[in-house]
Amino acid sequence: MDPQQAVPLGPRKKRPKQTGTSVAATPHDIRFQDLVLFILEKRMGTTRRAFLMELARRKGFRVESELSDSVTHIVAENNSGSDVLEWLQLQNVKAISELELLDVSWLIECMGAGKPVEMTGKHQLVVRRNSSPSHAPGSQNIPPPAVQKISQYACQRKTTLNNCNQLFTDAFDILAENYEFRENEGSCVAFMRAAAVLRSLPFPIISVKDTEGIPCLGDKVKCIIEGIIEDGESSEVIAVLNDERYKSFKLFTSVFGVGLKTAEKWFRMGFRTLSKIKSDESLRFTRMQKAGFLYYEDLVSCVNRAEAEAINVLVKEAVAVFLPDALVTMTGGFRRGKMTGHDVDFLITSPGATEEEEQQLLHKVTDLWRQQGLLLYCDLIESTFEKFKLPSRKVDALDHFQKCFLILKLYHQRVGSDESSQQEGKGWKAIRVDLVMCPYDRRAFALLGWTGSRQFERDLRRYATHERKMMLDNHALYDKTKRVFLEADSEEEIFAHLGLDYIEPWERNA
Ligand code: CTP
Ligand code: MN
Ligand code: MN
């Protein structure tokens, strides 16, 4: 079902034919008999090819200088799968479908490991044979890679943090953000979807041909991809990065509590720096923005995993004081396996608590931290949750659970006897923390909703609406045809209700 798994992994079963003495062009011992490599010179160049051949032979790999029947693995650089396939056809190679077509990144990893490493989707040059099926005789033995159609919905794709197309996704993230700042929703969504689909690909886009058959890539997007392939950068992106409005919005919205409306206002007033804004007597700031300026340096420097873990302990201990049976789950980016984040998110739920106890918990926890001097900022929002309310139709609707947006004081931990961490600085860091409290029977929906990514959530809801005539949000799933709420105790059950294959949290990084 998964395109990444449609690709055969591990060494081939077929043993290479031995071709006698012609192989032994080097004095090096062959340690890996099952593989016979051929390195493609095209777009790599003679010198680099010779270097890589020598290096691989020294590591015990069998490398052919000429393409022959014994070759099992073709290694190429700066060539797409279709480029390599085209070249092989010109060489009159018969059993193309039996060859592994690999990017040089695989060989380089093998060199690092000193042995053949597993070939994964990021190494395998994906070839789409559907346009010319006659080219691959005998391909019924081996499933051709990536013939599985890529879905337009992120919830039908696996997106790990292993992004082979960062060059493109960084560019589209910037363009999407610029359209967001300009309140052009259509273009913003188009670029976010393009970035999301590229993040899910198990192979890097090397030529425009590689984009064939991939959804969510419109003409504008393809044009930018082409520009980046040719010049290594996009003129549109450079223009945005130098744009006054983009630069100012980016800077202003980096302050906690500053949204598009405030950024727009400050920009129109002619402000371009935070220091001018901070020192302006005529401006009024919200309590949130005051905290945002006060802890600015700490908050812009991302939260790392060790800090997130320390906050996890802090939250679990405080919750356990008041509701020992409560379940506390770290959600958001850290649940998806990210190493850094702009905050740490938690979902709290209790199977045994009364409504009263449930409503009191966040108050008690934040009061405790206030007494301990750890609460730098607290915005507690009471629940507006109603049991029988239909899920929201809006893709980006906020949920109705009780929650608090906090800034906590996290004291640095002493690392062994090392004093250096204690010498400099104030000894603590301000960390943004989000806590959400939900009724126990809604925990699966809340967990799914708060795990993200935002793009993954949007596509889940869009999929539910358009493909299943259902309504999904952070509280519930409603089947419009049967006119019933579908209950769930786990995320797996929600995916099953939607008729979707389960996607693990670390595969939701759309
Ligand atoms: N979310 C939500 N309602 C909100 C805020 C967030 O449902 N009012 C959900 C979003 O779907 C989001 C997830 O909670 O994906 C986590 O939100 P956020 O902390 O903003 O994003 P992360 O993915 O955790 O990214 P980061 O690492 O930057 O914090
Ligand atoms: Mn987060
Ligand atoms: Mn958050």
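Glycine is treated like the rest: Cβ placed from N, Cα and C.
Bear in mind that TrEMBL entries carry predicted annotations, made automatically and left uncurated.
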- Note on the structure: Among D231, D243, D434, D441, the candidate listed by TrEMBL alongside D343, D345 for Mg(2+) is D434
- Message: Cβ atoms within 10 Å, counted per site: which of D345, D434 has the most, among these binding-site residues?
- Response: D345
- Per DSSP, how many helix, strand and coil residues does the domain 'BRCT' (27-124) have? 36 helix, 16 strand, 46 coil
- Cβ contacts of D343 (Mg(2+) binding site) (under 8 Å, same chain, 6 or more positions away): V303, G332, I431, R432, V433, D434
- Item | Rounded mean pLDDT for the residues that make up the domain 'BRCT' (27-124) | 88
